[in-house]
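Colleague: Quick one: structure below, then a few questions.
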């Protein structure tokens, strides 16, 4: 059972134990239940229900309803899961239920709602669950009035501030504030350490910090679960942790803890110990392998070294999951580990050992289900079919193991469900026997030297494979017919040619199809409207984009850029309400600008560059462009005309400096592949800079870019452009814009790349541009500008080519003097230009990331020219080992 399910069951059992005898009343009809609810309570409940959109409710669910006391008729419990949508206001009828003892409002949609101070009026509450419901801001201090609370769950919201609200909550047994934005230093005198009845405490995935984990945690000696994962704690774990003798689960991962592993030998009830992703050093105490109830141990990603000693008595160990990867152990570690015969999951990935791993040493693991040897040196002899590896094995990961032959060991594994041998040197053809493994569902063999398939084009059809990743090989010829069970298929960066087979239309379970960077020709099959993600970029496809998207089509991402497509943009895309990415750039599509797509509530990326779009870019109402979530707009190289209204940039997503901060670092969609692994979709961007085009992986969720260059736009640049504070790149070059450079550009505090060249702009360059500290590239050449060039560091560091073609400009870096200043020697500019060109040519090896100086600034400044989604098969442990 997963960690999440264990926790949920624990909380629900506690909740049920707090419910007093009462009558249940359905959501639809609060009058049933023998009239248990009083008339005033019925009226208040009806008012509360009407405050929200309840279309998502399962009205027959026993989890959604209200309970009333049999004797008084007062509402004592309200419970709604994944049901309510709207704003929970401070004048809500909810706060009329003064006899409430249990309130469960989880997985609802109270987006942009703060937690009202009125909750403090419900001072008889014993259980309060508000998790996963979109609450934001600080928890009001009035919570300290809820002195009867025994369980409080505020997890998975957008809450901030400190934990001062727990003062006076002395009866708390359960406190979960994980997955929020709580912060600050946990001081020894914090009210948290006065909650001596706590049995469950989760502070994970916040921003708490401390020079060391407070010793006072040792005072909470009734704790059964403690989670401080994914915070900013550092230093050594205090020895007082050994006082928590009731602990069954201890989570300290993804912090900056140092020193030796914490002393847990006294914690004899411990079943889960997660310490991964820290800086622990030294050796592993052998006593860890003899703890009587320990079943899960993750030490992955630390600085542990030395040998591993496992006592002979460990054969009776209950340890089932052991994660030791990414450490620096010495010697032959497999032999001692082989004594842990009850292991089901074993991670030895990226071990820095000087000895090859001999798979025959795994023969003692009779129940092994998952084995991860990614990044290890594997003995070639151990890959033969004579290996003694457990027949129970369900998942085997041998990525980046320098394997040159397809491992025949797989033949003898009838229960194998998931295999990863990607990023090796495997050559030749994929063996026919692979597709006969009866339970095989996920195959990752990308980034090898494979050239084809053994057998006929029908060889895959009857396979049980659901996920197949063949990326970055040398596969050629026609695409084989896919398995009938296929859900996810990626074969990007190969040499497949011919038509996309129509047999794909019979694969009703297919969600993801990624065939980009091949040599496919012919039309796009019209039957792909059921897909979630379709990527056909950089092939030789012809015809039009099929206009076959039905109502509520599930499409999230469509990329058909760099083909030979013609016709119009399909109007049926209006039916794709989940669409986030749309890229049709570099084709021959002839159409007007698709204003109609603004009804798509989730569209973030729109790439139409280098087509034949024509007509006005100004909206019909002469107002804002009106796309609610759009943040990357690339429409360069078309025939769009007209002027932009002053409100064109009003109400754009990029107006917020904190845009998408709650959505993680990268644009990503993940789904479970096998148990503890995920397959992730990551978006990518084509980076355009001075004629150079580079593909960059991992688009930041906080990136906002606009490229309107190479059209026929005219008139003034709207001052409303200054509202887009999250913008990092703006390209309006090669148009016919007139008037002054907007002063509001100085408000673009994140801007890194600004190109206004080849227009008809006049006046001076605003001094405010010189104060933009991230501005790494600016080009205003070939306009009608005059006056002195601002002398900020980011401006004077530009080459003179960025300002030439403006007869009235003067000052550095040009040679024209302003008010008697002397021009620097000519050879200085030559050196600057040579240096800049060298930087540009060296960009391809630069990773995405914010940095200092012109080189890194330029790299990040251009993280935007055109969106290009890419399917990547990422193996990420769900337990965040």
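Note: Cβ is positioned from N, Cα and C throughout, glycine not excepted.
Swiss-Prot feature annotations, pasted as is:
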- 58: N-linked glycosylation site (CARBOHYD)
- 70: N-linked glycosylation site (CARBOHYD)
- 91: N-linked glycosylation site (CARBOHYD)
- 145: N-linked glycosylation site (CARBOHYD)
- 220-244: repeat 'LRR 6' (REPEAT)
- 243: N-linked glycosylation site (CARBOHYD)
- 305: N-linked glycosylation site (CARBOHYD)
- 312: N-linked glycosylation site (CARBOHYD)
- 342-364: repeat 'LRR 11' (REPEAT)
- 402: N-linked glycosylation site (CARBOHYD)
- 462: N-linked glycosylation site (CARBOHYD)
- 506: N-linked glycosylation site (CARBOHYD)
- 519: N-linked glycosylation site (CARBOHYD)
- 575: N-linked glycosylation site (CARBOHYD)
- 749-772: repeat 'LRR 26' (REPEAT)
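Explain the structural surroundings of these features, please.
Modeller: Mapped onto three states, the DSSP output places residue 58 (N-linked glycosylation site) in coil. Within the same chain, the residues at least 6 positions away from residue 58 (N-linked glycosylation site) whose Cβ sits under 8 Å from its Cβ are 64, 82, 83, listed in sequence order.
DSSP gives residue 70 (N-linked glycosylation site) a coil state; it is part of no helix or strand.
Annotation for residue 91 (N-linked glycosylation site): no spatial neighbours, criterion Cβ-Cβ under 8 Å with sequence separation of six or more.
Annotation note: residue 145 (N-linked glycosylation site) sits in a helical segment as assigned by DSSP.
Mean model confidence of the repeat 'LRR 6' (220-244) amounts to 96 (pLDDT, 0 to 100 scale).
Cβ neighbour count for residue 243 (N-linked glycosylation site) (all protein chains, 10 Å cutoff from its Cβ): 18.
The secondary structure of residue 305 (N-linked glycosylation site), as reduced to three states from DSSP, is extended strand.
A simple way to gauge crowding: the CB of residue 312 (N-linked glycosylation site) has 7 other CB atoms within 10 angstroms, across all the protein chains here.
Counting same-chain residues at least six beyond the ends of the repeat 'LRR 11' (342-364), those with a Cβ under 8 angstroms from any Cβ of the stretch are 298, 300, 317-335, 370-379, 381-383, 387-390, 397, 409, 676, 877, 881.
In the three-state DSSP assignment, the secondary structure recorded for residue 402 (N-linked glycosylation site) is coil.
Within 10 Å of the Cβ of residue 462 (N-linked glycosylation site) there are 11 other Cβ atoms, across all protein chains.
Here the Cβ of residue 506 (N-linked glycosylation site) has 13 other Cβ atoms within 10 Å, regardless of which shown protein chain they belong to.
All protein chains included, residue 519 (N-linked glycosylation site) registers 13 other Cβ atoms within 10 Å of its own Cβ. For the recorded site, residue 519 (N-linked glycosylation site), the DSSP three-state label reads strand.
Taken residue by residue with DSSP, residue 575 (N-linked glycosylation site) is part of a helix.
Per DSSP, the repeat 'LRR 26' (749-772) is made up of 5 helix, 7 strand, 12 coil.
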Colleague: Of all the glycosylation sites given, namely 145, 243, 305, 519, which is spatially nearest to residue 70 (N-linked glycosylation site) at the Cα level?
Modeller: 145
Colleague: Does DSSP give residue 462 (N-linked glycosylation site) helix, strand or coil?
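Modeller: For residue 462 (N-linked glycosylation site) - judged by DSSP and reduced to three states - the answer is coil.
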Colleague: With helix taken as DSSP H, G or I, strand as E or B and everything else coil, how many residues of the repeat 'LRR 11' (342-364) land in each class?
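Modeller: Grouping H, G, I as helix and E, B as strand yields 6 helix, 4 strand, 13 coil.
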Colleague: Residue 305 (N-linked glycosylation site) has how many other Cβ neighbours within 10 Å of its own Cβ?
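Modeller: Residue 305 (N-linked glycosylation site) is surrounded by 14 other Cβ atoms within 10 Å.
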Colleague: Using Cβ-Cβ distances, find the residues under 8 Å from residue 575 (N-linked glycosylation site) that belong to the same chain and are at least 6 apart in sequence, listing them in sequence order.
Modeller: 549, 550, 551, 552, 553
Colleague: Quick one: of the glycosylation sites 145, 402, 462, 506, 519, which has its CA closest to the CA of residue 305 (N-linked glycosylation site)?
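Modeller: Ranked by Cα distance from residue 305 (N-linked glycosylation site), first place goes to 402.
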Colleague: For each of 70, 145, 402, count the other CB atoms within 10 A of its CB; which of these glycosylation sites has the top count?
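Modeller: In terms of Cβ crowding, the pick is 145.
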Colleague: Let me know the DSSP-derived helix, strand or coil state of residue 243 (N-linked glycosylation site), please.
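Modeller: Going by the DSSP assignment, residue 243 (N-linked glycosylation site) falls within a helical segment, counted as helix.
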Colleague: What is the separation, in Å, between the Cα atoms of residue 402 (N-linked glycosylation site) and residue 519 (N-linked glycosylation site)?
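Modeller: That separation, Cα to Cα, works out to 29 Å.
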